[in-house]
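Working notes, structure below.
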Amino acid sequence: YLDSGLGAPVPYPDPLEPKREVCELNPNCDELADHIGFQEAYQRFYGPV
């Protein structure tokens, strides 16, 4: 399936994207994610991914 504008394949939707966005909106979670990775940071703030 091709994107109508760019002619490039549409990337597979990331099931973790909504959680990644939640973490990015929390400055503390976002900063921690830069050091230890998104999934580990998310778990520390919000519980299991």
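Each position is counted from 1, following the chain as shown.
Here the Cβ of each residue, glycine as well, is placed from N, Cα and C on the backbone.
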4-carboxyglutamate per Swiss-Prot (candidates: E21, E31): E21
Residues that sit under 8 angstroms from D30 (Ca(2+) 3 binding site) by C-beta distance, when 6+ apart in the chain: C23, E24, A41
For E21 (Ca(2+) 2 binding site), nearby residues of its own chain (Cβ under 8 Å, 6 or more apart in sequence): none
Disulfide-bonded residues compared (C23, C29) - highest count of Cβ atoms within 10 Å: C23
Fewest-neighbour residue among binding-site residues, criterion Cβ within 10 Å, set E17, E24: E17
Rounded Cα-Cα span from C29 (disulfide bond) to E17 (Ca(2+) 1 binding site), Å: 15
